[in-house]
Amino acid sequence: MSIASQRRSPALIVFSTSFVILWVILAAFPFVWTLWGSFKVQADFFSKADWTNALWGVRTVAETGAAFTGDGYYGAWVEQDFWRAVLNTLIVVVFTVIISLTFGTLGGYALARSGYRYAFWLLMIALVFRAMPHITLVSGYLLPFFEWNLWGHLPTAIIVLVAINQPFTLWMLHSFFLNIPKDLDESAMVDGCTRFQAFRHVIIPVMWPGVITTGLFSFLLAYNDFAVTAMLLSQDNQTMVPKIASFLGSTQVEGNVMFAVAAVVSATAPLFALIMFFQRQIVSGLTAGAVKG
Amino acid sequence: MPHRTFLWFIFPSLAAMILFIAMPIASVLIQSLYVEHEQVIVLGETCGPFGCTPSTTVDVEATAQLKEDAPLGRFNGLGTYLDRGHLAVNELRMAWAISDGLGDFLSRVMNLPFYKALAFTMTFTFVVTPLVIVLGLAIALGVNGLPKMLKGPTIFVSLLPMIVTPLIGSLILFWMIDADGIIGKTLQVIFDDPDLSLKASPTLTWIVLIIYGVWHSAPFAFIVFYAGLQTVPEETLEAAMIDGASRWERIRYVVIPHMAPLVVFISLMQLMDNFRVFEPIVGFSAQANATSLSYIIYSDLRGDQQQFGSAAATSMLTILGVAVLLTPVLIRTWRDFNRKRA
């Protein structure tokens with residue numbers, strides 16, 4: 001950094017660096033601490049005597065014979081059937097992402113290429129829909145779904161999540177398709193392709209970066225959802241997040257809050273991996289909306 | 001693109017949105033006009049050896065039948081909106097009449113569930129949003145000055161609080177501030193008060209929830225600002241330097257104006273997301289001290305007696321709130337759009 005405008009005084013460097021370090025600690029420490037604590041027993045992680053017990057695992061050694069224990073994980077995954085919730089989450093997330101991307105690419109492409117006023121209005125309506133609190137929509141679903149016996153099944157939750165996802169997916173892919181030059185598909189149509197053929201043979205091969213970025217956010221929405229999955233799925237079909245919430249109701253009484261801690265760590269691990277591999281796409285996705293203004 | 005082709009392309013997406021976003025809003029509107037059936041009461045007499053006494057019993061069968069015939073309940077008009085659980089018109093009038101002074105009136109109003117939730121939701125929205133913008137900008141400026149090698153890992157760590165499932169993120173913090181958890185214990189030592197609990201007082205609960213909200217959303221603002229910083233025009237900065245602007249003045253007069261559109265974008269996103277604050281209240285088990293609009297809908301829908309009518313009325317009021325929140329944005333976009341066409 002030799003550019004003059006970037007040169008800064010030492011005091012400022014010290015100040016801004018320590019500020020960033022403080023932020024990094026704030027952002028990372030809760031996760032590190034919970035990961036560490038998930039291998040301890042409750043008497044250490046929630047120590048009545050001395051919080052440093054959680055570091056050395058005094059009670060963990062006394063109760064299990066070693067400084068680390070997998071009891072929380074065993075309890076959650078095996079005793080409480082957390083694996084079933086993981087499986088359900090996998091199904092819900094995979095289908096939600098695939099269906100929302102399919103619908104979203106078609107719709108986003110149409111919105112980007114239509115010059116009519118109604119395309120703008122559709123985008124505005126999508127923005128309003130994007131702002132709807134999910135729980136208000138859920139309160140609209142519940143009674144009809146009970147009446148039509150749709151309540152409790154995985155496909156119901158999937159299609160609802162797809163719909164809730166659409167406004168965001170449309171916006172994102174719409175702005176992405178705007179960046180693909182119009183000439184590309186229009187020249188294909190001059191050569192005799194129909195609009196759909198042009199989309200199929202010209203646009204699809206070049207759209208993957210945008211689709212992957214949008215897919216990441218669809219994944220996050222489906223994976224992180226609590227309102228829809230907690231209210232619309234029956235006990236057997238529960239996904240991870242409502243399952244963790246239900247641990248709290250029952251386990252705090254039994255003194256097995258460690259099950260919930262272990263489940264929380266298990267559910268965070270995939271997100272961790274996601275940022276590892278897709279950091280660039282997530283960053284570009286977050287800024288995609290902003291760059292357009 | 002011809003209308004017909006457009007329709008074919010947009011159809012699946014549009015159908016999903018109409019069926020599962022527009023229709024539920026209609027459904028909520030209808031449900032909000034109805035309330036649950038009353039139980040069918042049968043008047044009878046129980047006769048014993050010492051004469052007969054009149055009695056009332058609930059006819060379970062007839063109640064179930066009634067529920068089946070008309071699952072919506074009975075028509076109630078705007079009754080649900082005006083009752084104690086929602087706008088509480090009568091209670092407000094009463095409180096106004098008997099309270100001495102504005103403070104007393106407000107504390108009475110805060111006992112009404114809807115206004116309590118509304119107060120927290122608004123406070124959360126309008127405190128968290130500016131804090132997120134300021135903190136995000138500060139982190140972005142800090143990270144921008146780091147050596148290149150450290151930027152990647154810093155961004156990685158910064159993304160964690162935002163990416164993590166809101167319920168899980170709030171649980172992680174909740175366990176740390178537990179009276180037996182690391183932060184809770186440390187605070188007890190610092191303030192030398194073994195009974196200090198962050199969960200006990202409403203004020204502390206609100207502060208904790210707001211801190212969680214800022215922690216959760218700051219990375220979003222940070223990333224957007226950081227990307228914005230990469231495009232700050234270098235020539236303008238140098239020109240400002242030659243003119244003798246200090247570092248702070250360069251930030252104030254070059255960087256911040258360049259970021260202004262981003263501030264609008266972040267505030268819009270944050271207003272929408274913070275207005276539906278919900279998971280942290282479940283995660284922090286904060287419902288005794290802080291409820292949000294989303295949370296009272298959730299608690300109406302849970303439990304043995306689901307109160308669809310009540311939940312629907314709160315939902316309609318929430319949607320109204322969203323509409324009010326979005327109006328300035330929509331008007332602005334509409335003007336921009338027209339200017340572009342003109």
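Every residue, even glycine, has its Cβ placed from backbone N, Cα and C.
If you check TrEMBL, you get these features:
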type	residues	note
DOMAIN	B:118-329	domain 'ABC transmembrane type-1'
TRANSMEM	B:7-30	transmembrane segment
TRANSMEM	B:117-143	transmembrane segment
TRANSMEM	B:155-177	transmembrane segment
TRANSMEM	B:204-229	transmembrane segment
TRANSMEM	B:250-272	transmembrane segment
TRANSMEM	B:308-331	transmembrane segment
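Residues 120, 123-124, 127-128, 131-133, 135-137, 139-141, 143-144, 155, 158-162, 164, 166, 169-170, 173, 177, 198, 255, 258-259, 262, 265-266, 269-270, 273-274, 277, 280-281, 284, 286, 289-290 of the same chain sit 6 or more residues outside the transmembrane segment (B:204-229) yet have a Cβ under 8 Å from a Cβ within it. Of the candidate ranges B:155-177, B:250-272, B:308-331, B:250-272 has the most C-beta pairs within less than 8 angstroms of the transmembrane segment (B:117-143). As a quick check, the transmembrane segment (B:7-30) and the transmembrane segment (B:250-272) miss the bar of 3 or more Cβ pairs under 8 A, pairs 6 or more apart, so the two do not touch.
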